[in-house]
2 protein chains.
Amino acid sequence: MVSPRAQSYAQRALKQKNPTAKLLLETMERKKSNLAVSVDVTKTKDFLAVIDVVGPYTHIDILEDFDEGLIRQLQDLSKKHDFVIFEDRKFADIGNTVALQYSSGVHKIASWSHITNAHPVPGPSIITGLASVGLPLGRGLLLLAEMSTKGALTTGVYCEEAVRMARTRRDFVIGFIAQRRMEAVGLLQGEVGDDDEDFLILSPGVGLHAKGDTMGQQYRTPKEVVLGSGCDLIIVGRGIYGNDLSLTQAIAERARQYMQEGWEAYMQRITTS
Amino acid sequence: MVSPRAQSYAQRALKQKNPTAKLLLETMERKKSNLAVSVDVTKTKDFLAVIDVVGPYTHIDILEDFDEGLIRQLQDLSKKHDFVIFEDRKFADIGNTVALQYSSGVHKIASWSHITNAHPVPGPSIITGLASVGLPLGRGLLLLAEMSTKGALTTGVYCEEAVRMARTRRDFVIGFIAQRRMEAVGLLQGEVGDDDEDFLILSPGVGLHAKGDTMGQQYRTPKEVVLGSGCDLIIVGRGIYGNDLSLTQAIAERARQYMQEGWEAYMQRITTS
């Protein structure tokens with residue numbers, strides 16, 4: 001059996017049972033991109049402008065002028081630029097509450113976001129609650145198995161338990177927010193990994209040069225993340241959209257650069273693994 | 001030095017430096033109530049009606065028809081019924097993102113909620129990020145040191161690290177979501193607790209009789225929580241508002257019953273500790 005690390009995104013797409021995992025891998029292969037852009041801005045106008053320049057992904061809950069019209073525009077852009085939508089909500093409550101947060105409220109995330117994510121900290125009930133809403137819609141969930149911030153508590157047993165939890169719900173959990181591959185993590189003594197297991201690994205904390213910000217974020221390069229650690233997608237935010245949202249040329253150029261470095265690292269990985 | 005467990009809420013209010021911790025303890029003493037009602041409904045009309053019947057607390061992010069008018073009405077009710085507002089947002093992202101989520105977006109939580117809460121999982125940067133917004137407004141933060149759900153990962157080192165993190169930011173962290181007192185938790189070998197430390201302990205998972213729901217929530221009685229474990233506030237949701245929101249008499253009666261049991265357990269605690 002070949003490890004997911006050594007297979008192409010196209011090969012892995014063929015075997016995925018969750019429709020969102022399949023869609024994501026096919027899209028990555030088609031666009032030759034393993035870049036997820038995190039657009040953390042607070043105005044709809046800026047949000048749509050940046051996305052129109054670069055591609056996927058955001059925090060919808062920091063937009064001050066959110067409305068349903070925005071979602072339609074986001075979906076239009078998703079078709080125009082062929083990207084998958086990932087609302088990085090980081091659900092972290094009990095099953096009953098996350099089911100309401102995912103389906104209801106102002107944002108109605110489940111109705112438009114292909115992928116969302118959750119912390120495993122409340123235990124398996126958070127997956128049950130989200131799956132009760134997302135599975136009928138064909139959505140996929142990522143668990144936050146690791147965080148890239150300084151002093152994060154996602155170490156040791158915490159991370160192992162997250163992976164074990166995911167293994168019990170492979171119909172809905174399509175992968176992890178993490179810094180490395182998880183096939184070997186959380187196996188009990190004598191337990192052998194399932195050859196069919198193929199979780200997607202999405203990694204934040206990626207920068208071309210930068211080493212950190214003042215609020216505890218730490219960075220690694222695309223090559224370290226994709227080739228070195230075998231992660232599948234790089235998540236980049238301020239590293240692409242920067243501090244001046246009007247400089248669309250520069251934003252597009254940075255996106256292109258991350259996309260290229262991420263893809264080259266992936267090509268090197270599947271040809272040398 | 002007398003443990004917080006043995007002191008009255010009024011005595012403890014006198015020594016609090018954070019204005020929200022002081023306000024909360026004074027309010028509890030004045031109303032003779034250590035009950036926080038969690039109103040997890042999805043319509044503004046129901047939300048306001050339940051609060052008008054019973055008192056504090058909710059998840060604003062599951063309200064489908066949220067608008068700024070609602071916040072004004074919530075604030076009016078907060079004055080009318082003399083309660084403190086706690087948005088149970090469970091922030092769980094990196095510092096830069098939570099600062100935006102707390103200050104911005106549709107909900108602008110920092111502008112109206114006295115108290116909010118956060119998971120310690122991203123590390124100390126989550127406190128730094130939230131404090132940058134909340135401290136100038138005199139707000140207070142609770143850290144989720146423990147969760148009451150089955151299989152929660154808030155055990156061992158995780159909980160100890162949460163408490164240590166809180167001790168470094170006592171200007172802003174006013175207490176914990178937890179199942180027990182935390183004075184003795186997270187002390188390093190030979191380390192002695194600070195006599196001035198007085199974190200508020202708010203406990204969810206409280207029921208008069210019920211044992212659990214189908215999504216992994218587990219319950220204890222007000223007496224077990226307040227007298228047995230020394231917690232300061234009981235958080236009750238569906239146990240009070242039930243399944244039929246039109247039965248306001250029954251809702252009020254259940255709220256009264258929880259309030260009375262919680263207060264009796266507290267009186268017994270401070271007279272026998």
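Every residue gets a Cβ built from N, Cα and C, even glycine.
Predicted automatically and left uncurated, TrEMBL annotations should be read as such.
Under the heading active site, for OMPdecase activity, TrEMBL lists B:D88 (among others).
Residues annotated as active site, for OMPdecase activity in TrEMBL: B:K90 (among others). The number of other CB atoms found within 10 A of the CB of B:K90 (active site, for OMPdecase activity), across every protein chain shown, is 26. DSSP assigns B:K90 (active site, for OMPdecase activity) to a strand.
Around the Cβ of B:D93 (active site, for OMPdecase activity), the number of neighbouring Cβ atoms within 10 Å comes to 28. According to TrEMBL, the feature active site, for OMPdecase activity maps to B:D93 (among others).
According to TrEMBL, the feature substrate binding site maps to B:D40, B:S148, B:Q217, B:G237, B:R238. Over all protein chains present, the Cβ of B:R238 (substrate binding site) has 16 other Cβ atoms lying within 10 Å.
The domain 'Orotidine 5'-phosphate decarboxylase' annotation in TrEMBL covers B:34-251.
For B:D93 (active site, for OMPdecase activity), the spatially nearest entry among the binding-site residues B:S148, B:G237, B:R238 is B:S148, judged by CA separation.
Cβ neighbour count within 10 Å across all protein chains ranks B:D88 highest among the recorded positions B:D40, B:D88.
You'll find the Cα of B:D40 (substrate binding site) roughly 10 Å from the Cα of B:D88 (active site, for OMPdecase activity).
DSSP classifies B:D40 (substrate binding site) as coil under the three-state reduction. Secondary structure from DSSP puts B:G237 (substrate binding site) in coil. In the predicted model, the domain 'Orotidine 5'-phosphate decarboxylase' (B:34-251) shows an average pLDDT of 88. Between the CA atoms of B:S148 (substrate binding site) and B:K90 (active site, for OMPdecase activity) there is a gap of 14 Å, rounded to the nearest whole number.
Under the DSSP three-state reduction, B:S148 (substrate binding site) is assigned to coil, being neither helix nor strand.
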